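Record features (TrEMBL):
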| type | residues | note |
| --- | --- | --- |
| DOMAIN | 23-287 | domain 'NADH:quinone oxidoreductase/Mrp antiporter transmembrane' |
| DOMAIN | 289-341 | domain 'NADH dehydrogenase subunit 2 C-terminal' |
| TRANSMEM | 60-80 | transmembrane segment |
| TRANSMEM | 92-115 | transmembrane segment |
| TRANSMEM | 151-170 | transmembrane segment |
| TRANSMEM | 177-195 | transmembrane segment |
| TRANSMEM | 201-221 | transmembrane segment |
| TRANSMEM | 233-254 | transmembrane segment |
| TRANSMEM | 274-293 | transmembrane segment |
| TRANSMEM | 321-346 | transmembrane segment |
Amino acid sequence: MNPYILATLLFGLGLGTTITFASSHWLLAWMGLEMNTLAIIPLMAQHHHPRAVEATTKYFLTQATGAAMLLFASTTNAWMTGQWDIQQMSHPLPITLITLALALKVGLAPVHAWLPEVLQGLDLTTGLILSTWQKLAPFALLMQIQPLNSTLLIALGLASTLVGGWGGLNQTQLRKILAYSSIAHLGWMVLVMQFSPSLTLLTLITYFVMTFSTFLVFKLNNSTTVNGLATSWAKAPALTALAPLILLSLGGLPPLTGFMPKWLILQELAKQDLAFTATMAALAALLSLYFYLRLSYAMTLTMSPNNATGTTPWRFSCSQLTLPVAISTAATLLLLPLTPAAVALLTI
């Protein structure tokens, strides 16, 4: 892609998210979300592959539906209450509609079905943008209207953790596994959103760091299937040794960074007398942990095909930047001791 066009599209992505962040009027927020959608669509379709075009079409139709629902609900709210302010929502009908529209845009269960299919059709770089940056704007809006519909948010969060764990069990494509991982992590964030928005923000940042690291590892290995991970030792032995730790951090095992948000969320749910919800979320985390362990097993304990190309002593030097993956991997593995500092910083 022409670098000027790429720069324009990335600028549009950033501007759309910033407009949504800065807006207190529903029309401005809707406009920012639309700019976001229109900026990422050429990035998704840039390879002109039928699968990429199909994924782009699915994404466009889904986001257009979510945006139309959002616009309809905000107009209904203005009609009922006479104001467009995001933080002054009072009527339950538009609040419920807007929550469902934002859940559709971000990929929460039960309106999640588009996310694995779309992510499967994209290259890993665009998939990384879709899994991280594109979540920011809808989440900013959800956090502003969240205190008013607690039962709906808990239902969406619990459904997402269960669907995210259950759906990834029988997948062989890495991008679909990462999509279900994304759904499960979003469920954890939504569960605790109404009780501790700062904890939701901490979970979102931690998820971004871990997902960034995972996508970069798969990109450096040029792997898109579980079987393709078995040959990664011949391409990057040191990274292959660290990758299972990154995946287990995504699964939430101590003493890795990914344990921090799950631990704090379960603690907060217990404080709110939601023992059943906390138990179900913890059990759903076990489902997610199974497919992370499966990937770790494929990378480190599976013998790759012992043919001439699999055992060649030479390797091409890596042409990609390794500094981002080094920084994100260190953050994914080693930030757990900073939990008190992170919590204190977010509660200021």
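Note: Cβ is positioned from N, Cα and C throughout, glycine not excepted.
TrEMBL does not curate its annotations; it predicts them automatically.
The transmembrane segment (321-346) shares the most Cβ pairs under 8 Å with 233-254, out of the stretches 60-80, 92-115, 151-170, 233-254, 274-293.
Listed by sequence, the residues of this chain that lie at least six past the ends of the transmembrane segment (274-293) yet keep a Cβ under 8 A from its Cβ atoms are 154, 157-158, 161-162, 164-166, 168-169, 171, 177, 180-181, 184, 187-188, 191, 247-248, 250-253, 262, 265-266.
For the transmembrane segment (177-195), the most Cβ-contacting stretch among 60-80, 151-170, 201-221, 233-254 is 151-170 (pairs under 8 Å). Same-chain residues lying 6+ beyond the ends of the transmembrane segment (201-221) with a Cβ under 8 Å from its Cβ atoms: 124-125, 127-128, 131-132, 135, 139, 143, 174, 178, 181-182, 185, 188-189, 192, 228-229, 232, 235-236, 239-240, 242-243, 246-247, 249-250, 257-258, 260-261, 264-265, 318, 320, 322, 324-325, 328-329, 331-332, 335, 342-343, 346.
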